[in-house]
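*Asks:* What TrEMBL shows for this protein is this:
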BINDING   Arg207, Asp256, Tyr257, His258, Pro259, Asn260, Ser261, Gln262, Thr263, Thr337, Lys338  ATP binding site
COILED    441-479  coiled coil
DOMAIN    432-569  domain 'Pan3 C-terminal knob'
REGION    1-43  region 'Disordered'
REGION    480-575  region 'Knob domain'
Amino acid sequence: MTTTTPLKGGRSSLRRNDSPSSIGEKSPPRITPHASPIPTTLPASVHQENVGGTVYFYPTANHTTAQSSSAVGLGAGGVVDTVASHHTGQTGSASLTPVQPSILYTGHVYPGPASNVITMQPKTQLESAFFMPDEMRSEVLSRNVISNLMLDASETAQHALPLEVDNYHSLYPLEALPVQPLHAKLTLPSSTYKATHSTTGIKYCLRRLHGFRLQSTKCMTVVEMWKKLQHSNVVQLREVFTTKAFGDNSLVLVYDYHPNSQTLLAKYFTPPPESNGYNDPFQGEARPFSHKSNLQRTTGNGPLLPEATIWAIIMQLTAGLRAIHQAGLACRSLDPTKIIVTGKRIRFSFSGTSDIAQFDPNVANPLAVVSMHQQEDLTALGRLVLALACKCLQSVQRDNVQSSIEMVSRHYSSDLRNFIVYLFTTTQRRSVTDLMPMIGARFYTQLDALQAQCDMQEDELAKEMENGRLYRILVKLNCINERPDFNLDCTWSEIGDRYMLKLFRDFLFHSVTEDGRPWLDHAHIVQCLNKLDAGSLERVQLMSRDEQSVLIVTYAELKNCLDKAFSELLASAAS
Ligand SMILES: Nc1ncnc2c1ncn2[C@@H]1O[C@H](COP(=O)(O)OP(=O)(O)OP(=O)(O)O)[C@@H](O)[C@H]1O
């Protein structure tokens, strides 16, 4: 017997999840008709009933407990897997316990942003119900793109880079010019690369000191101290090794890699491109921080920074510096080329390089030397904050300091001025902990901003967690749907449980409006997938592509079919 029941004019059909987010036609959809295997016989165990023009199939009483898909303890009445029964020769899944029409589904659904978060989002668009804001996405994307950059073989040869250095491969230069002086106090050339660890695949930042020989293994003590220092404002040193892979004796320091980082110099002191190559005639020859070209250190960097931005930088720098000093270490390269900015995060980079490069095994009193370097760090911090406030590196040249501080007094609070003056007062012994009271209640503002950012990110995480879950269901469904053959059975995906899943897939993605246009409703897809994942007792009416067969199942049964079919695939893949 063929089940020939046109849907049109039949009982109100597909349960649609009405949602304001429908991006297509609002009229109820129907399934796109396509050629599809349809049942040709109906087992004696199935009872047929015509309700308002639609034929429904019910198992007879002695078959009500047979099928496993109903064995989820559902009691879903009027539910039958007739098509599956036909194609597999199994009995239909059913239970005669009547089901209340109310939706029994209580699955996991992203409930939408919390009220405290919604006000922080740039603009509440339809998209934001499901996906992260564009700004966040593009930041993550650009980090991924940068992180995945690779040189091809010819570029690697062009840069004279080895294919492997110790446990690292795929070296990628992180600076425009591969060889630069390390720091004002150093004449050693150095290079920075991104590289991938051979066994873990994790990316790291390698700092190579060219032509460098370790004078003494004693400096490994200080390396260990740096390796132990963990702080969110300090780039973590992971290991140090010597290598001849570059054709010389190089020392390589391995740090955590933070993609899409900029140096503080590049972010705040490099003239914008609009300057059209104009050089400030008053810039002079002085290089206040390191051997960087004066072109990069000119004035003309746009408007002054808001005071809140400067304090946000100060708080992060002092936090990192406090951790460094408390660990009995000194930064020794507190320089805008050695501080990196990643998003809103500021980190001291290449920490410990100076300690290794300038290690002197003959120092009589190492503690006193550290203390002296810590004082130098504080002076360097004062110079950096002054330069930031003036947005000009020349402002910290000896002759300019006084007028620069006056400029700070005119444009910023006395707190900021006092902070800088304290750090410039080298006649007294200063301490990073003394800076805390100067920051004062601004600390709470920073904490509040960070917590608000955490709230927003947690909300995005909640969304993405649900997306990840839905993605896994889609992976399962797509591994099953339309599989050309399985265990030499080319009809596997078209029969039995799999046939139900195919019709469900059509219901999800291929619904059309009355006049045949695609009916696209993201909320419909999400809600149906959620009901499937939760094994809801709600019923869904599926229809064969030729519109000749109607199948009413619960989501619980579909879930059971999905799990069974996917387990079969898994078992076969593992065998
Ligand atoms: N841990 C890190 N992760 C990712 N990128 C980093 C890291 N540390 C530094 N960088 C980036 O590497 C690039 C090169 O850094 P480097 O200090 O070599 O710059 P530089 O301005 O050329 O300094 P120098 O004159 O000392 O060579 C910079 O753009 C910096 O943002």
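Placed from the backbone N, Cα and C atoms, the Cβ positions cover glycine too.
Provide an account of the burial state, proximal residues and distances for the features listed.
*Replies:* Other C-beta atoms found within 10 angstroms of the C-beta of Thr263 (ATP binding site) number 20, with every protein chain shown included.
The average pLDDT computed over the coiled coil (441-479) stands at 94.
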*Asks:* Counting only residues 6+ apart in the same chain, whose Cβ is under 8 Å from the Cβ of Ser261 (ATP binding site)?
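*Replies:* Those within reach of Ser261 (ATP binding site), by Cβ under 8 Å and sequence separation of 6 or more, are Ile340, Val341, Thr342, Arg347, Ser349.
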*Asks:* Restricting to the chain of Pro259 (ATP binding site) and a gap of 6 or more, list residues whose Cβ falls under 8 Å of its Cβ, or answer none.
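*Replies:* For Pro259 (ATP binding site), the qualifying residues are Arg143, Asn144, Ile146, Ser147, Lys194, Lys203, Thr342.
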*Asks:* Cβ-Cβ under 8 Å from Arg207 (ATP binding site), same chain, 6 or more residues apart: which ones?
*Replies:* Ser190, Ser191, Thr192, Val252, Leu253, Tyr255, Phe350, Thr353
*Asks:* Of all the binding-site residues given, Tyr257, Lys338, which residue's CB has the most CB neighbours within 10 A?
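*Replies:* Of Tyr257, Lys338, the one with the most crowded Cβ is Lys338.
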